[in-house]
Amino acid sequence: MNISQQISTTPFLDQKPGTSGLRKAVTVFQQPHYLENFIQSIFDSLEDLQGQTLVLGGDGRYYNRQAIQIILKMAAANGVGRIKVGQGGILSTPATSCIIRKYQALGGIILSASHNPGGPDGDFGVKYNISNGGPAPEKVTEAIYARTKVIDRYQIIEAPDVDLETLGESRMGDMVIEVIDSVEDYEKLMESLFDFDRIRQLLTSGNFRMCMDTLHAVAGPYAHAIFEQRLGAPAGTVRSGIPLEDFGGGHPDPNLVYAHELVDILYGENAPDFGAASDGDGDRNMILGRKFFVTPSDSLAVLAANAKLVPGYSSGLAGVARSMPTSEAVDRVAAQIGIECYETPTGWKFFGNLLDADKATLCGEESFGTGSNHVREKDGLWAVLFWLNILAVRQQSVEQIVREHWKTYGRNYYSRHDYEGVDTDQANTLMENLRSLVPTLKGKQFGNYQVEYGDDFSYTDPIDGSVSNKQGIRIGFTDGSRIVVRLSGTGTQGATLRIYLESYEPDPAKHDLDTQQALASLITLADQIGQIRNSIGREQPTVIT
Ligand code: G16
C-alpha cells in the first residue's frame, strides 16, 4: 500500500522557464523541495491530468536517475494513469517527442540541460512537452511559472524506488509504470523517412567513411543502434557512445569549439568523408565534410534544396521556417522553390504551431538545430541521416554539395560571437541602450553599409495570433547584411550575449574567403554601434562559431 503525502513548501522565486525549460546548476535542483515545487507546478497547470499518459526520460546526466524516481512518485500521487519511462532513465529529446506523438500521451517531462556541462558541479534541467510532442508554448510555461510563485504544497507517494533497467510494466499506487526501450520507436520512425537500403550501401561500400561523435551523451545508444547495427557502419564509427553522468568531463555541445576531437579527425590526415556530432539530449547536430564545416544555417538550406531526394520528403515541402538570427540562406531556397519561409523567435517552441498547421515541413536554427514535421523537436540524428541520404543519392562529397549550393543561391557568410558569463546588469543595460538606439538608425551610412531597418524583433504567431516581443535587436543593411544582438535564454551563469553576423555574397569567385575575414568589417561595425566590448569590459568573445 503506497501512502500519498501532502508536503508543505514555500516558493522559489527563480523558477521561470527560459528558452528551453528550467535550467539551473545541479546544486540548485538538489535543494530540498526545489525539483518537487517545479514538477508540482507543471502538474497543477495541466487541466486533465487524471488517468492520463505521460512520457519521462532524460539525457543521463548527473541527477537524472534521482529526479526520475522523485517524479514517478509525484506523478502517482497526482493521479497520472500511466508513465512511459525510458530504460535506465534514458530518452533523447527527439525520441521523447516521437513517443508522445505515437502513443498520444498528454505530454512528457524531459530531464536535460541540453548542451550545458553535467556532473555534480554541472547543470540540470526540466522541460515539459505538450501533446503534439513539442516544447510547451509560452502560455503554458507562463502558467507553470505563475504557479511556482505561489505554490504551498506538493503531492508525493511513499514508495520504494522503481527498477529502471528491466523492460516491462509495474504499478505504483494506481499508476502503471512502463519501462520502454529507449531507441525502438525512434528507430522505426527514422526508417519510415529515409532510404535505409541506400544509406546502408553507402556505409558498407568501402568507399565512404563516417565518424559520429555523440560526446558521451544521450545519442550514443541511438547512434550505435542505427548507424552500426542497423545500417552496417563498422564498429567504432560512433565515438564516445556511452552516456556518462558528466559527459566524460566534456561540454556536450556539437560545435567547432567543444567537439574539437571530431574536428581534429575531420581536418586531420586520412580524414573520413563525413563527420557529425550531437549534443547532451540529442536534438542538436553538427555536420562536417572532409576538412569542411557546414554552418547550421547552410545545412538547413541544403536539406531544403535536396528534400526531394529523400523518401519522407519526396512530395515536396509545405514551407520552411528558421529562427530570426539564423542566416537567410534557406530564404533563398524557399523563394526559388516558391514556398513560404517563416521567421520566428529563437526557441524550437515557436515552430510548433507552424508544423501542426502544415505551414512548414523543415525548420532550423543557427544554434545547431534542424528538424521537420516528423516530431516537434529538433533532431540531431535525423539531420545526420538526412545528410547521409543526400550523400548516398548524389554520390558527391559534402564540400561539393555545399559549394554547388552556394553557386546556385549565393553564399551567406555567417558567424555567431558569444560573450559568456557577462555581468547581468551590464548586459541588460547594453540591450536597453541598443533598443533605444536602433529605431534611429534607418538610412544611416556606416562606411559601405547603409542601414535599411533597425528594430527589436516582435513575432505574431500566424496560427494563434500570440505576440512575442523583445526577441532580439536586428540591424539590417541594404546589401542584405545583418547584425543581430540578443541575450541567451539558456545560460545559467550571469548573462550570455550573442552577436550574430551575416553577409551575402552572390559572386562564386568570392566564396572562398575565411568567414571571420569576410565578416571583419561587420564585426567592427557591430562593436561600434553596440559599444559591446566597452559596455561589458571584454576584449574577445568567449566562443566563436
Ligand atoms: C535551445 C532551444 C533552441 C535555441 C537554443 C539557444 O536549444 O531549444 O531553440 O536556439 O536553446 O537558445 P539561446 O540562444 O536562448 O541560448 P537546446 O538545444 O539548448 O534545447
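All positions are counted from 1 along the displayed chain.
Note that Cβ sites are derived from N, Cα and C of the backbone, with glycine treated the same way.
Break the domain 'Alpha-D-phosphohexomutase alpha/beta/alpha' (15-152) down by DSSP state and the numbers are 51 helix, 34 strand, 53 coil. TrEMBL lists 15-152 (among others) with the feature domain 'Alpha-D-phosphohexomutase alpha/beta/alpha'.
According to TrEMBL, the domain 'Alpha-D-phosphohexomutase alpha/beta/alpha' annotation covers 190-288 (among others). Regional average pLDDT for the domain 'Alpha-D-phosphohexomutase alpha/beta/alpha' (190-288) in the model is 96.
According to TrEMBL, the feature domain 'Alpha-D-phosphohexomutase alpha/beta/alpha' maps to 297-409 (among others).
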For the domain 'Alpha-D-phosphohexomutase alpha/beta/alpha' (297-409), what are the DSSP-based totals of helix, strand and coil residues?
61 helix, 18 strand, 34 coil
Let's see if you can do this one: DSSP helix, strand and coil counts over the domain 'Alpha-D-phosphohexomutase alpha/beta/alpha' (190-288), in that order.
35 helix, 16 strand, 48 coil
